[in-house]
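Heads up: the structure comes next, in structure tokens.
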Amino acid sequence: MRANGSELNGTVLPRDPPAEGSPRRPPWVTSTLATILIFTIVVDLLGNLLVILSVYRNKKLRNAGNIFVVSLAIADLVVAIYPYPLVLTSVFHNGWNLGYLHCQISGFLMGLSVIGSIFNITGIAINRYCYICHSLKYDKLYSDKNSLCYVGLIWVLTVVAIVPNLFVGSLQYDPRIYSCTFAQSVSSAYTIAVVFFHFILPIAIVTYCYLRIWILVIQVRRRVKPDNNPRLKPHDFRNFVTMFVVFVLFAVCWAPLNFIGLAVAVDPETIIPRIPEWLFVSSYYMAYFNSCLNAIIYGLLNQNFRREYKKIVVSFCTAKAFFQDSSNDAADRIRSKPSPLITNNNQVKVDSV
């Protein structure tokens, strides 16, 4: 091992990560990685700012469920503001030359973002489950005060989950991905715990919640007497599908990296040499790319967000104040009770993600 370098598998990091020591690659590889990062940063920043502004401006989007959506957008913004630009700099310089402190902060914020994202996605799934499957208790469970407390709890748990990395020494520079990140080979037991509590367990909870919702949706749609039986509004079903797609994309983007980490933790000496570099790098940049997808999904699948996006862009282009409330029509001022169920005689309008 070089005295001033880090091992290829990311097991050792000196106090000051060097610029040299990154693997030599064809120019098109680094160009591709840089392009992916630039696209991710730009779309992440613009998209998630649009999400936050949309909820701020539109009363129809200001509800308990969307508090978690804003929290998720903040988690995605974190990486676009600090860690990803540093990774991009590392790509351009073919190595890390920003020092030990920036390496640790970058790795910490990257972990904070991903754990915050999965915990917020779990919070959204539980919220949707209560909203659709336990609608009579929803107002009490998800009052404005309670919802803010839930989001606060999510971020407290996120910080608690990431802090041990600072003491275990697992935040290290890996030249293969030009990033200071969680080193999977530092401790097998710790890596297994991270994968289980930060990925597998949340995914299991979210899967359970959405499975129960799908079962209810199928049961409701098969009922033969709609006059007496409640049915799910199409609007609520579309909102559920939106958040389900967000979950599926997160799971797909992050699963390869987590399964690689699990395999490395089980048998590091055997697995590490067998993992192709292209697979390892692809799994990381696939995970990085996920941070810019949610805002796109909201715009594609949610009509309220799509309309608000357009209003914000028009306001910006015409130099109007885009921080003002855009909910001016009479329908927007009607405060409706959130409930996913309606009958033929009693329709309830709901506007949420």
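Positions of Cβ are set from backbone N, Cα and C atoms, glycine also.
On a predicted model such as this, the values are computed, not experimentally measured, just so you know.
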Tell me, from C180, C209, C253, which cysteine Swiss-Prot puts in a disulphide with C103.
C180
Membrane-wise, does Swiss-Prot list V186 and H235 under the same topological domain?
no
Which one of N9, N120 shows up in Swiss-Prot with the note N-linked glycosylation site?
N9
For the transmembrane segment (244-264) against the transmembrane segment (33-53), do we get 3 or more Cβ-Cβ pairs below 8 Å once near-sequence pairs (under 6 apart) are dropped?
no
Which entry in the list of disulfide-bonded residues, C103, C180, has its Cβ near the fewest other Cβ atoms, using 10 Å as the limit?
C103
Quick check for me: are there 3+ Cβ pairs below 8 Å between the transmembrane segment (278-298) and the transmembrane segment (33-53), leaving out pairs under 6 residues apart?
yes
Here the stretch out of 33-53, 67-87, 106-126, 146-166 with the most C-beta pairs under 8 Å to the transmembrane segment (191-211) is 106-126
